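> Pulled the feature table from TrEMBL, pasting it below:
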type: SIGNAL; residues: 1-26; note: signal peptide
type: TRANSMEM; residues: 227-250; note: transmembrane segment
type: TRANSMEM; residues: 292-320; note: transmembrane segment
type: TRANSMEM; residues: 326-351; note: transmembrane segment
type: TRANSMEM; residues: 363-387; note: transmembrane segment
type: TRANSMEM; residues: 393-415; note: transmembrane segment
type: TRANSMEM; residues: 456-477; note: transmembrane segment
type: TRANSMEM; residues: 483-505; note: transmembrane segment
type: TRANSMEM; residues: 517-540; note: transmembrane segment
type: TRANSMEM; residues: 555-582; note: transmembrane segment
Amino acid sequence: MVRVRMGAAVLGVAVVVLACVLGARADGSDHRYKDGDYVPLYANKVGPFHNPSETYRYYDLPFCAPDHPKDKREALGEVLNGDRLVDAPYELNFKEDRNSKVLCQKSLSKVEVAKLRDAVAKDYYFQMYYDDLPLWGFLGKLDKDKEQGNAKYLLFKHIHFDIMYNGDRVIEINVQTDPNVAVDITEDKEVQVEFSYSVTWKKTDIPFEKRMEKYSKSSSMPQHLEIHWFSIINSCVTVLLLTGFLATILMRVLKNDFIKYSHEDESLEDQEETGWKYIHGDVFRFPQQKSLFAAIVGSGTQLLALAIFIFLLAIVGVFYPYNRGALFTALVVIYALTSGIAGYTATSFYLQLEGTNWVRNLILTGCLFCGPLFLTFCFLNTVAIAYSATAALPFGTIIVIILIWALVTSPLLVLGGIAGKNSNTEFQAPCRSTKYPREIPQLPWYRSTIPQMAMAGFLPFSAIYIELYYIFASIWGHKIYTIYSILFIVFIILIIVTAFVTVALTYFQLAVEDHEWWWRSVLCGGSTGIFIFFYCIYYYHARSDMSGFMQTSFFFGYMTCVCYGFFLMLGTVGFRASLLFVRHIYRSIKCE
């Protein structure tokens, strides 16, 4: 009955999150306008093009500003994403062309000129939203003279907007800047600048429902799809070869083992046993640090549920391109609502392992992933505050997150723990454990934990590494990733390969009479997270142009938390698969 209620509660997560995510974008507008109507244009942020986390408020630079600019009220996910929308100075009324309208005349001081020159040198870009359509442009251009070795810093002072409409709706907007209409800010002196803009409206046949497809076409181009499908085929071949190899080897070996052990049962009783049957009295001996072990299993199960729900929302189209903050909102809400899964799994399993202090285990479960994430956030938020970047969360947002944790996450974790305590399930062990553990024989170096982890993590990582580049380029760059169905297939393949590899290594470990497989299965299953972290180091140095203390801190800080989450999730998958396998083979023999 408890499990049914827990399942019903978890099933309701998707519905709640869908309402939350979709509701977060509702602004009361139907996106229909009459000729001359005001269409909302918001300036979002500026920052170095190669440092996606290092963004600043639009008016931190000396741009033309309205008399009383108002900040747009934003949802939780938008704030977490670093969006800080404010009224832009441009007037782009519906279907009103403008040839060249002066925005303002500005006298830039030496300090402001130096600030803009530094921005041009770092390839600063700006981002705006017009009727919820994103648009970008660069602030200026660094014009290098290769012959003389000099460089000119040019600041664009005119922007042209190309806007397309269909009926009474805005369909597309593009921004153009002309290097010929720029002001030289190379010298350290005061500069007089006249900023201006122009607008051209054009009719199009593209329907309103398809106006966002423009932003997802880049990831769906034929050459990119070929690479994605190559990744899928590569992963599928890996899975098929691995499955076939394991099935052939394990079935043949296990069959021979079963025949051998059945003959031994019929022969002399004093005949010495060898192999995995020899340790039947130790294989189900509970591991050391059982509270930590159960907490890992509980947290990993929650993260697996979180990943599945996120993929389901992505497949049904919730995370369309530039649905501001939808992913972050979903992550926060789903993680909070699935904390009951962690509490139930950890507590019930801890009691199965004959643990006594289930309250302490529940606290450990709640802090196992959230603790390192919170400490990382505190450090990175301090760095962002020091840089005055938009990544620094406002005090009100921090209070909201704390309230979500205190009023949703923690109560559900406790309720899950109480449900797990009352489940009264016993650990199903086909063989009884002996009073004293057998001594593990001396084994060669390659059967120790670290070499086994290296072997276990390599195959799952090889199945996903091609797709990892596109994910990194989307998160830590300006590319768009929308092929969630392919990503979900790769995720399923990752789970399957992790399970198979861990099962194989567990069998080989038991075959040499090493019965301490519990922690080994978690470490081997989660080792893919370590491989992903090494890929992070490679991506940062070889595939990206990120630089600076803030961007480096954000990249390695949050990616370390992500890799740690993968370690917990895949470690749980590896253990669960190994436990099913071990139970199966020991049920098939006669244990004294």
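Sequential numbering from 1, following the chain as shown.
Using the three backbone atoms N, Cα and C, a Cβ is placed for every residue, glycine included.
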> Which range out of 227-250, 363-387, 517-540 gives the transmembrane segment (483-505) the most CB pairs under 8 Å?
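Between the stretches 227-250, 363-387, 517-540, 227-250 has the largest tally.
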> Contact between the transmembrane segment (393-415) and the transmembrane segment (456-477) is defined here as three or more C-beta pairs under 8 Å separated by at least 6 residues; is that satisfied?
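No; fewer than 3 Cβ pairs under 8 Å.
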> Quick check: do the transmembrane segment (517-540) and the transmembrane segment (393-415) share at least 3 Cβ pairs under 8 Å, counting only pairs 6+ apart in sequence?
no
> Would the transmembrane segment (363-387) count as touching the transmembrane segment (555-582), i.e. at least 3 C-beta pairs under 8 angstroms with sequence separation of 6+?
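Counting Cβ pairs under 8 Å, at least 3, so yes.
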> Taking a Cβ cut-off under 8 Å, which residues six or more beyond the ends of the transmembrane segment (326-351) line up next to it in the same chain?
6, 9-10, 13, 16-17, 20-21, 24-25, 75-77, 80-81, 290-291, 294-295, 297-299, 301-302, 305-306, 309-310, 313, 318-319, 358, 361-362, 365-366, 401, 404-405, 408-410, 412-421, 423, 425
